[in-house]
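J.: The Fe(3+) binding site annotation in TrEMBL covers His88, His90, His258, Asp333. As annotated by TrEMBL, Zn(2+) binding site applies to His88, His90, His258, Asp333. Per TrEMBL, 4-imidazolone-5-propanoate binding site is recorded for Arg97, Tyr160, His193, Gln261, Thr338. What TrEMBL records for Tyr160, Asn335, Gly337 is N-formimidoyl-L-glutamate binding site. Taken from TrEMBL, the feature domain 'Amidohydrolase-related' applies to 80-413.
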Amino acid sequence: MQNKDNPSHPNGWAASQNADGVWQNLKPAPGLWVADVPVPEGQPACVVVQQGQMAWVGPEAQLPASYQALPRHNARGALATPGLVDCHTHLVYGGQRANEFAMRLAGATYEEVAKAGGGIVSSVKATRVATEDELFDQAAPRLQALMAEGVCAVEIKSGYGLALEHERKQLRVARRLGEAFGVTVRTTFLGAHALPPEYAGRSQAYVDLVCKEMLPALAAEGLVDAVDVFCERIAFTLAETSQVFQAAQKLGIPVKLHAEQLSDMGGAALAARYGALSCDHIEHLSADGIAAMKAAGTVAVLLPGAYYTLRDTHLPPIAQLRAAGVPMAVSTDHNPGTSPALSLLLMVNMACTLFRLTVPEALAGITTHAAHALGLQDSHGLIASGRPANFVLWPVGEAAELAYWLGQKPDCTIVRQGRIARARSEA
Ligand code: NIG
Ligand code: FE
């Protein structure tokens, strides 16, 4: 997997062809383009890429003269979406937890599995014994699976180390993955994910450690783009969450929250008061939580993979979120316990089928709104000039095909960070 002699080029990305030129014969994905000149319905569109940036977006017929001589890339009528954004993952961890899948099939709940010593803490053990290189090698194929479907930006959380050196290891691997694979990585410190076994019965002491030692040290090392907490009966209380948020605020780091997944803890309203980027899961989100999120501009991140895996039946309040105008993102929540999902398109299907999102909502959920949930709204999630060239060309008849197929391996072209990361095979 990883080329140890040349770790920055494990997949040949850096040697891939640069994408400069005119990408023509494109079909704009509705709602996901902000063109310099509006594209009339049914007309072929184009995107000009110069020095890795999108320089002009509009109808082919109105391509400015200054770009006419650039090399051409014929997209053959493909649907063009922004590069996908997976805004909630726990991608870096040791081992796997297929045994818990079997326990749950036999009737155990997520909370019972956790109480029986499984759950997050079992991944903590496997993560602590793994070296940084081992964690890199285990995470790399997972990242590649996401990238093969057009993911150009991904959030990666810590939270399986639960001690300074091990959380550092996870976050360093996350950064290395971004550099090695030429993909935008946002790191999130989730030290308050679970109580580590050595702190059993001493929750406050652990939260103090998170706030006073772990977070400041990791932030000083440039490893923390955001701070997250698992606020839940089986994890951390509202007061503990608030303490972690205060520590983040002191350092000027934005927050997000695993909120109201199993019960209504009031976490979303608290997070919104701290101007949270996002509240994630939110199956049990209340009307107060929705209003607070709307007022704060906090994104609702829907995680249908966890809902499905846990065979949850309590739906997130989609209709109310929609009515309130809270932006909804969709993500894999890739993790070894509750969502071993490696396909963002499958999550789109589930968000539509299980949560009743419309196709345009679900596609905005893995692009525009997902970028927002990471604070990347100015650089990712839209096809528009002045942004890095991250886009995907899909050989589909209509956008709904991105949600409709189950388990497709789309023969797409992917432009990532201004380079042709994957080229569609010739017809
Ligand atoms: O997002 N909810 C908490 N954290 C993860 C689960 C992590 C695990 O079980 O390992 C989630 O679903
Ligand atoms: Fe999660």
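For all residues, glycine too, the Cβ spot is worked out from N, Cα and C.
No curator has checked TrEMBL annotations; they are predicted automatically.
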J.: How big is the Cα-to-Cα gap, in Å, between Asp333 (Fe(3+) binding site) and Arg97 (4-imidazolone-5-propanoate binding site)?
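T.: One finds 15 Å between the Cα atoms of these residues.
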J.: Counting distance between Cα atoms, which of the binding-site residues His88, His90, Arg97, His193, His258 is nearest Asn335 (N-formimidoyl-L-glutamate binding site)?
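T.: Given the candidates His88, His90, Arg97, His193, His258, the nearest one is His90.
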J.: What does the structure give for the C-alpha distance between Gly337 (N-formimidoyl-L-glutamate binding site) and Arg97 (4-imidazolone-5-propanoate binding site)? Integer Å is fine.
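T.: The separation of the Cα atoms works out to 6 Å.
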J.: Translate the DSSP assignment of His193 (4-imidazolone-5-propanoate binding site) into the three-state scheme.
T.: coil
J.: Of the binding-site residues Tyr160, His258, Asn335, Gly337, Thr338, which ones put their CB under 6 Å from ligand 1?
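T.: Within range of ligand 1: His258, Asn335, Gly337, Thr338.
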J.: Select the most exposed residue of His88, His90, Arg97, His193, His258, where exposure means the fewest other Cβ atoms within 10 Å, treating these as the binding-site residues.
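T.: It is Arg97 that, of the binding-site residues His88, His90, Arg97, His193, His258, has the fewest other Cβ atoms within 10 Å.
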J.: Within the chain of Thr338 (4-imidazolone-5-propanoate binding site), which residues six or more apart in sequence place their C-beta under 8 angstroms from its C-beta?
T.: Tyr110, Gly305, Ala306, Thr309, Leu310
J.: For each of Gln261, Asn335, count the other CB atoms within 10 A of its CB; which of these binding-site residues has the top count?
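T.: The residue with the densest Cβ neighbourhood is Gln261.
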J.: Between His88 (Fe(3+) binding site) and His193 (4-imidazolone-5-propanoate binding site), how far is it from one CA atom to the other, in Å?
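T.: Cα of His88 (Fe(3+) binding site) to Cα of His193 (4-imidazolone-5-propanoate binding site) measures 14 Å after rounding.
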J.: Using a 10 Å radius around its CB, how many other CB atoms surround Asp333 (Fe(3+) binding site)?
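T.: Its Cβ has 29 other Cβ atoms within 10 Å.
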J.: Within 10 Å of His90 (Fe(3+) binding site), Cα to Cα, which of the binding-site residues Arg97, Tyr160, His193, Gln261 are there?
T.: Tyr160
J.: Where among the binding-site residues Tyr160, Gly337 do you find the Cβ with the fewest other Cβ atoms within 10 Å?
T.: Gly337
